[in-house]
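Data block below; observations after.
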Amino acid sequence: MTPRSSPGADPGEGAHADGSAELDLGAAPTAAEEAELAGRGGRLVDTGADLDDRAAEAALRPSSLDDFVGQRVVREQLSLVLEAARRRGRAPDHVLLSGPPGLGKTTLAMIVASELGRPLRISSGPAIQHAGDLAAVLSSLEVGEVLFLDEVHRMARPAEEMLYVAMEDFRVDVVVGKGAGATAIPLHLPPFTLVGATTRSGLLPAPLRDRFGFTGHLDFYAPDELEQVLRRSAALLGLELTGGGGREIARRSRGTPRIANRLLRRVRDWSQVRGSGVVDTGAARAALRVYEVDELGLDRLDRSVLGALCRRFGGGPVGLSTLAVAVGEEPETVETVAEPFLVREGLIGRTPRGRVATPEGWAHLGLRPPPGAVLQPTLPVLGEGRLHGGAVDDTT
Ligand SMILES: Nc1ncnc2c1ncn2[C@@H]1O[C@H](COP(=O)(O)OP(=O)(O)O)[C@@H](O)[C@H]1O
Ligand SMILES: [Mg+2]
């Protein structure tokens, strides 16, 4: 494990007064990422980035749209938005990027700035807890600068309202004085482009969402796209990657480039220590066995949740907290870390009475469901998320 700072240790971390050297640092760690890290306990297949990842990712990030693999639709739409703005000599519309972690939102934000040849400022929703924090960032923007706000859904409400005006009218109203004598002094901003990223577009207030001229939704990558990501990364890392090695890693990467790149680094380690140095099928299989990542990309926690559900509770339905106790984890960890992927892969389902294993879930463990087992979820995932008091998560 690499050392890491505690969640929220420095709420100002994402805000940068001088905006210098941002591109060299990779993504600024956001509070959510830190929180995710704290709960993750070093899972190899986690979608969040740890410090190790951030250093490696900075080196692997594509810096132009042409280099960005997959996401054909978003890439084409975005390239039109940018090209049109370039021709008009104006800052493009504000851009919202939504989608699960590790799919390339931060990368695309950086690409927007570099394609426009404009400076990039990076901050994040959790770093902006007061309207003043946002006013400081906005008032120091240069003409045409790209402001990247990661996790834009987690901004404090007063700041959000300030952002509406800034996005629409390029103005910040600075309130001077208190009570009846308070006056708002309008401060005009240079035109800028906001790139917002969110893993939970469902949590974004409509007035904010509406102010983005373009929304790109990033989806999980197909295995052949991940192979392409891996080939590119291997070349950058100076690694010899065989077709079989790439396929094997891509298959277990949960549709997520961040995970693919991380697994590649671990297979490289294995290959350099125990193998020939070449990342081939054998190295990938052997290394991922050591790290307990199975053929579908499930790790030990995922398998123990699925295993408990089938073996101890006859396939369910069983409540989240009971299931969590059975695997010795916090309900929160099971719900946010293991479950989304298990649900997405169709291995488990959520019902009003609890979690159930699907036929695919049983099959993945090499087991047969007992007669009479409840096998199908009866409610959509979204509504059910609310029942359990968790935030609605559009990523599941
Ligand atoms: N389309 C892509 N092509 C190549 N590499 C990608 C792509 N999308 C993501 N990556 C890699 O995955 C890593 C995580 O991407 P990032 O943009 O930080 O994801 P997000 O901000 O959505 O969590 C980066 O290091 C980047 O190199
Ligand atoms: Mg990011």
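Placed from the backbone N, Cα and C atoms, the Cβ positions cover glycine too.
Lifted from TrEMBL, the feature list:
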- 1-43: region 'Disordered' (REGION)
- Leu60, Arg61, Gly102, Lys105, Thr106, Thr107, Glu168, Asp169, Phe170, Arg211, Tyr221, Arg258: ATP binding site (BINDING)
- Thr106: Mg(2+) binding site (BINDING)
- 222-292: region 'Small ATPAse domain (RuvB-S)' (REGION)
- 295-396: region 'Head domain (RuvB-H)' (REGION)
- Arg350, Arg355: DNA binding site (BINDING)
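The structure, with features from TrEMBL marked on it.
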residue: Leu60; record: ATP binding site; Cβ contacts under 8 Å, 6 or more apart: Arg232, Ser233, Leu236, Leu237, Asn261
residue: Glu168; record: ATP binding site; Cβ contacts under 8 Å, 6 or more apart: Arg211
residue: Phe170; record: ATP binding site; Cβ contacts under 8 Å, 6 or more apart: His188, Leu189, Pro190, Pro191, Phe192
residue: Tyr221; record: ATP binding site; Cβ contacts under 8 Å, 6 or more apart: Val69, Gly70, Gln71, Leu103, Val229, Gly255, Thr256, Pro257
residue: Arg355; record: DNA binding site; Cβ contacts under 8 Å, 6 or more apart: Leu309, Gly316, Pro317, Val318, Gly319, Leu320, Leu323, Glu339, Ile348, Gly349
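A sphere of 10 angstroms centred on the C-beta of Arg350 (DNA binding site) encloses 27 other C-beta atoms.
Checking the binding-site residues Leu60, Gly102, Thr106, Glu168, Tyr221 for a CB within less than 6 Å of any atom of ligand 1 leaves Leu60, Gly102, Thr106, listed in sequence order.
For the region 'Small ATPAse domain (RuvB-S)' (222-292), the predicted model reports an average pLDDT of 94. Secondary structure at Glu168 (ATP binding site), taken from DSSP and collapsed to helix, strand or coil, is helix.
When other Cβ atoms within 10 Å of the Cβ of Gly102 (ATP binding site) are tallied across all protein chains shown, the result is 27. Checking the binding-site residues Thr106, Glu168, Phe170, Tyr221, Arg350 for a CB within less than 6 Å of any atom of ligand 2 leaves Thr106, listed in sequence order.
Under the DSSP three-state reduction, Leu60 (ATP binding site) is assigned to helix.
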